[in-house]
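J.: This structure is in structure tokens; I'll ask about it shortly.
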Amino acid sequence: MYNGIGLKTARGTGTNGYVQRNLSNFEAGKKRWNKRDATDEVGSDTRLGPDAAILEHERKRAVEVKCMELRVELEDDDVADDEIEERVAQLRETLNAQLAEQTNESAASSYESGRAKETRLRHMGTHQQIQTKQHLDRRFAIAVGVESGYRQADAFNRDLQELKKSERIHQQRQAYQQRQLARASHASTQPPPHPPARCSSTHSQSTSSSSPSSPPRKRARSRSASQDSSARSSSSHASPRSPTPRTTSHVASYSSYSSRSRSRSRSRSPLSHSRSSRSRSRSRSRSRSRSRSPLSHSRSSRSRSPSRSRSPSRCASSRSRSPAHRPRRHSSSRVNPPGPPPRRPAGL
């Protein structure tokens with residue numbers, strides 16, 4: 001077998017399977033098939049798109065199948081032919097009406113999830129599968145935010161991106177102008193709002209208060225003084241009222257504490273005065289003694305000098321006398337044994 005011509009195997013043919021090529025045949029302008037060019041031109045199944053006529057034929061065929069099922073069921077029940085034809089025609093009309101309302105998009109969107117979807121797609125035709133796949137791809141693109149007319153490598157095309165940017169700016173300006181026109185028309189049709197009565201009264205009060213006779217600072221001071229006087233008068237008027245027991249006890253304790261502190265301060269004032277006078281006299285005497293301190297210091301130094309000179313002799317005498325002045329050690333452990341009794345003289 002050579003170039004797709006001949007038998008797949010020479011077994012049983014009685015020949016060696018050699019096929020001689022025809023060199024006299026020459027095909028001018030024949031283009032060699034390339035896989036890359038074929039995929040670019042044709043594309044995948046989703047790029048081709050389903051055939052609308054085939055899909056319409058499949059839907060009509062499903063209608064006729066249901067009508068035939070009804071006819072067979074009625075014939076098995078021994079129903080009259082006229083009644084069978086009438087009921088089948090009625091079913092066909094209702095199904096055709098539903099078919100007219102149902103579009104390709106709705107038919108593609110009505111699919112199940114999970115195993116039911118897989119089985120339904122498996123039993124579908126090629127064009128129905130392509131239609132359902134296109135619908136799913138469109139839904140995914142909307143969820144991700146990809147435009148409908150997207151093409152590969154459009155993001156690297158600067159001219160196209162500038163054109164899209166200018167179109168977006170133009171659309172935004174048009175939308176802004178439309179909003180402004182709508183607001184202007186709404187404002188022109190709506191009557192102006194009437195000012196409330198309070199605003200006019202407050203305005204009149206403000207105009208009357210801003211009179212040139214009284215400057216603003218004096219008016220502010222007079223207002224603060226009037227507020228203080230009103231607060232004092234309200235406190236004086238509120239004093240005769242019976243306060244709560246908690247506040248009365250607090251006030252009574254505070255007044256008793258203040259009276260005790262005052263009496264203590266008064267009783268202690270003579271002592272403090274006497275103490276302050278004593279401290280003043282002591283400070284004066286100290287200052288006088290400090291002023292006389294140089295002479296006393298010189299005298300004390302003179303008086304102390306002989307004592308310092310005599311100190312070695314005293315130290316020596318104290319050292320020599322130190323054994324006598326030392327305290328005796330009580331030796332309780334070393335006790336002398338009792339000696340013999342005294343002897344009487346022989347003459348007695």
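Keep in mind that glycine also has a Cβ here, set from the backbone N, Cα and C atoms.
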J.: According to Swiss-Prot, which listed range is coiled coil: 29-54, 81-106?
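T.: When 29-54, 81-106 are checked in Swiss-Prot, coiled coil belongs to 81-106.
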J.: Please list the DSSP helix, strand and coil residue counts for the domain 'CWF21' (55-98).
T.: 40 helix, 0 strand, 4 coil
